[in-house]
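A short write-up of the structure that comes next.
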Amino acid sequence: MKLRLLIVDDEKDFTDSLAERLALRDFEVSRAYSGEEAVELIKEYNYDVVILDVAMPGMDGVQTLREIKNIKPLTEVIMLTGHATVETAIEGMKLGAYDYLLKPTEIDDLVEKVQGAYARKADQEERIRKAKMMRYFESPRAVLEDREDP
């Protein structure tokens, strides 16, 4: 299964170019051109990693990050920023972003960050699965309780 990415940036040409380059690296790539559009896609689809621009009109990158983490806490987010907004990207990391990169970024650097972010997400999901399994071993009733949860 391909790693699923969402690129969020209001600069359409940049977003489209980056999406094409990442698709050539065998990623499944979706695009959003605003924070609001990204939030709607996050609600509807499961992405492994989001590549998110910090400076966007309307819902900015930090607000979008908050919403993403609220909706899908395990989805990893890499912030993209220009020199003037490095402090904002660092604030994003405090809110749960995996890392940030300065624009323009080398595709190899971005791919490396994406792979690291995905590895962290996969590790977290595995730890959650193991914790659930331990719960089942400790209490067979837990299996029935989980089935009753919607």
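For all residues, glycine too, the Cβ spot is worked out from N, Cα and C.
The domain 'Response regulatory' annotation in TrEMBL covers 4-118.
Under the three-state DSSP scheme, ASP53 (4-aspartylphosphate) falls in the strand class. What TrEMBL records for ASP53 is 4-aspartylphosphate.
For ASP53 (4-aspartylphosphate), the number of other Cβ atoms no farther than 10 Å from its own Cβ, over all displayed protein chains, is 25.
Mean predicted confidence for the domain 'Response regulatory' (4-118): the pLDDT average there is 95.
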